[in-house]
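Written out below as C-alpha cells is the structure these notes cover.
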Amino acid sequence: MKGLVIKNTGSWYTVKADNGKIIESKIKGNFRLKGIRSTNPVAVGDRVELITNQEGTAFISAIEDRKNYIIRKASNLSKQSHILAANLDQAFLIVTISHPQTSTTFIDRFLAGAEAYRIPVVLVFNKHDVLDEDEIRYEGMMINLYETIGYQCKVICAKTGEGVDELRQMLQGKITLFSGNSGVGKSTLINQLLPDAHLRTSEISEAHDAGMHTTTFSEMLEFPGGGYVIDTPGIKGFGTFDIEKEELTSYFKEIFEFSKDCKFSNCTHTHEPGCAVIRAVEDHYISASRYQSYLSMLEDKDENKYREAF
Ligand SMILES: Nc1nc2c(ncn2[C@@H]2O[C@H](COP(=O)(O)OP(=O)(O)O)[C@@H](O)[C@H]2O)c(=O)[nH]1
Ligand SMILES: [Mg+2]
Ligand SMILES: [Zn+2]
C-alpha cells in the first residue's frame, strides 16, 4: 500500500494511504538516503510504501524519489540536517507593506532560495485594508516590480476574506508552503481557507512559542477539495547554505538575464569592467533594491553566514 506522509511527530509518521485511511507509521530498519545526512529520513510530503500490521499501524518500507525537499541544519554546529518537507508544488510568501513591513531583502532572499529549489512562488500581499494612499501606491510599485521579473502577485485581505477565493483555486490539488514574517497574517489566512483548522494552527504556533527551535514537528493541513498547506514553524526562508557563490546570479532571474552580456563569464557584478548588470542597474532595468539584495547575499556567502539561514 502507498500513501502520503502528512504529519511527523518524533518517530511516528501519520500517513494518508491512497485508499483514504489515516495510518500511524514507523520506519522499518535503517534508511540510507543518498547525499543527505538527516535526522529524519522521512518528511511530510513524502510518498511512501507501507506494510500494515495487525494493530492497525504500519511500517514505512520505502520512499519514492523526491521532486524537491527543504532542509535546515539540525543545529548550527551539526553537519546533520532536518528535512522539513518534501515534494512542494509551490510556495505562497505572505507579505505586508505595513503592520509589519516586509523588507525587500527578506522577499528577495526567499525568492532566491525558492529558485534554488525550483519551487514556484506566489507573492501574497495581505492587509490591503490597513494601507493609506502612499502605501497603496508603494504596494502597486512592488507588484509591478515582481510581476515584471516573472512572479505572480495577489492582493488579499485575510481578515475580511477578500481575494481568498482566488487563492483557494490556486491551492487545489497542490502541496503549498505558506511562509512569511510573523504577524503578516498566515494563521488568519489558513483559518479562512480551512475553517476547522483553527485548533491545529494554534497548536503549532504554541509549540513554536515554547521555544522549540529544533522542532521535529511538521504537519500538512488538507483542504476539503484536495491539496495541502504546510505551515511548519521556522520556515522563514530556504536554507541557502548549499548555494555556491557562482550560482547566486542565476537565482535572481532578471540579473541572470543581463549577466549573459557581462564581459567576464565569472563576473560577480560588484566591480568588474564591462559588467552588464551594473550598467542595467544604472539604467534602471534592474531595480536598486533587487541588486542590493543580491549584494547582501553575496556578502553573506563571503562570511559564510548562510550556514545559519534559518
Ligand atoms: N487589518 C488586517 N489585519 C489582519 C489581516 N490579516 C491578519 N490580520 C491581523 O494581523 C495579526 C497577525 O495575524 P496572524 O494570522 O496571527 O499572523 P501570523 O503570525 O503570520 O500567523 C492578527 O491580529 C490578525 O487579526 C488583514 O488582512 N487585515
Ligand atoms: Mg501564525
Ligand atoms: Zn557582471
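Every residue number used here counts from 1 along the chain in the order it is shown.
Placement of Cβ uses the backbone N, Cα and C atoms for every residue, glycine included.
Taken from TrEMBL as is:
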type: BINDING; residues: N126, K127, H128, D129, G180, N181, S182, G183, V184, G185, K186, S187, T188; note: GTP binding site
type: BINDING; residues: C262, C267, H269, C275; note: Zn(2+) binding site
type: DOMAIN; residues: 77-238; note: domain 'CP-type G'
type: DOMAIN; residues: 86-236; note: domain 'EngC GTPase'
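Locations of recorded TrEMBL features on the structure.
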residue : record              : Cβ contacts under 8 Å, 6 or more apart
N126    : GTP binding site    : I94, V95, T96, I156, C157, A158, V184, G185, L189
H128    : GTP binding site    : I136, E139, V155, I156, C157, E162, G163
S182    : GTP binding site    : none
K186    : GTP binding site    : I94, F178, S179, G180, D231
T188    : GTP binding site    : A158, K159
C267    : Zn(2+) binding site : S259, G274, C275, V277
H269    : Zn(2+) binding site : T249, I255, S259, C262, C275, V277, I278, Y291, Y294
Neighbour count (Cβ, 10 Å) for C275 (Zn(2+) binding site): 20
Filtered binding-site residues, from N126, S182, V184, T188, C267, H269, whose Cβ is under 6 Å from an atom of ligand 1: N126, S182, V184, T188
Number of Cβ atoms other than its own within 10 Å, given for G180 (GTP binding site): 24
Candidates near ligand 3 among the binding-site residues N126, C262, C267, H269, judged by a Cβ under 6 angstroms: C262, C267, H269
Binding-site residues near ligand 2 among S182, V184, K186, C262 (Cβ under 6 Å): K186
Local Cβ density at V184 (GTP binding site) - other Cβ atoms counted within 10 Å: 23
Neighbouring C-beta atoms (10 Å sphere around the C-beta of C262 (Zn(2+) binding site)): 20
Reduced DSSP assignment, C275 (Zn(2+) binding site): coil
